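> What Swiss-Prot records for this protein is below:
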- 71, 76, 77, 78, 79, 134: ATP binding site (BINDING)
- 134: (R)-lipoate binding site (BINDING)
- 29-216: domain 'BPL/LPL catalytic' (DOMAIN)
């Protein structure tokens with residue numbers, strides 16, 4: 001019986017694919033070596049410990065129907081579209097070794113005619129006339145008895161969209177001598193015009209088989225039926241939930257301020273696990289009562305635009321004469337936290 005397992009997803013849903021990954025990882029035998037190949041439609045994928053409001057332009061994502069997905073590994077935020085091929089290698093310990101999976105991907109690229117090399121801990125780069133350019137980024141997860149290495153390969157991703165949805169740390173970029181996110185990366189189509197997702201998957205699969213000296217039939221994961229994986233429904237529900245994707249953000253504070261015709265408003269929020277734990281309101285409005293009431297109502301509220309709007313509009317019952325001000329305030333707060 002083969003020690004290998006190969007799974008290929010036909011779904012473009014990031015929550016579905018990450019749930020498949022999680023289920024396989026949890027239930028795989030320690031002696032198995034797994035390769036999972038997949039890709040996502042328009043999505044920003046953030047690391048397990050990241051704050052989406054800090055890392056992403058969540059308002060723009062909502063306007064453009066770009067999903068947010070939190071993965072279970074660490075690392076930074078990345079934009080996925082169908083021009084990305086995603087791979088996940090899994091193995092039990094002590095055999096799990098990310099240098100093996102990295103070499104498999106490098107061998108696959110080499111077979112396609114691309115000479116790439118590992119750079120730092122997470123990246124694969126190619127040499128271009130403009131210097132080294134990243135074509136792959138990775139992240140890792142380990143438990144007591146197993147580990148996985150997952151990453152992306154840029155085939156023909158729309159790189160102009162990266163800046164639309166990601167807010168890179170400018171200090172970090174400056175420290176590395178990088179002027180923009182776009183200048184760091186390149187698509188494999190620049191080196192191999194016409195390269196397809198299917199060709200890349202085939203090359204990685206063949207390199208995987210060659211490394212282990214075994215072959216196995218691929219299991220196709222269809223989006224049209226629930227995968228036969230233990231606890232998939234529960235895992236998918238968690239992976240697609242607001243509580244996981246947004247609510248798992250580390251504690252943070254948010255200061256909002258705006259001047260309206262009727263006065264200036266400053267809101268201070270402390271947020272933990274996606275809930276407002278403290279709300280303070282400062283204003284020079286001649287009628288501060290509704291704003292003071294709002295501060296009380298927002299304590300414990302989900303840090304979500306629709307919930308904040310709901311709390312603002314609930315004040316119309318007690319302060320009907322301030323309807324204009326409260327509706328302006330509601331629209332502003334909702335826009336500011338999207």
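Using N, Cα and C of the backbone, Cβ positions are placed for all residues, glycine too.
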> Which three-state DSSP class does residue 134 (ATP binding site) fall into?
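For residue 134 (ATP binding site) - judged by DSSP and reduced to three states - the answer is strand.
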> When the pLDDT values for the domain 'BPL/LPL catalytic' (29-216) are averaged, what is the result?
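On average, pLDDT over the domain 'BPL/LPL catalytic' (29-216) sits at 87.
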> Including all protein chains displayed, how many Cβ atoms other than that of residue 71 (ATP binding site) lie within 10 Å of its Cβ?
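That number is 20.
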> Is it possible to get the count of other C-beta atoms within 10 angstroms of the C-beta of residue 76 (ATP binding site)?
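Other Cβ atoms found within 10 Å: 16.
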> With every protein chain in view, what's the tally of Cβ atoms within 10 Å of the Cβ of residue 78 (ATP binding site), excluding that atom itself?
22
> Across the listed ATP-binding residues, 71, 76, 77, 78, 79, 134, what is the farthest Cα to Cα distance, given in whole Å?
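Result: 21 Å between the two most distant Cα atoms.
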> If you skip the near sequence neighbours and keep only those at least six away, which residues in the chain come within under 8 angstroms of residue 77 (ATP binding site), Cβ to Cβ?
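44, 45, 46, 47, 50, 55, 56, 166 - these are the non-local Cβ neighbours of residue 77 (ATP binding site), listed in sequence order.
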> To see if you understand the setup: which same-chain residues, six or more apart in sequence, place their Cβ under 8 Å from that of residue 134 (ATP binding site)?
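When sequence neighbours closer than 6 are ignored, residue 134 (ATP binding site) has 119, 123, 124, 125, 154, 184, 185, 186 within Cβ distance under 8 Å.
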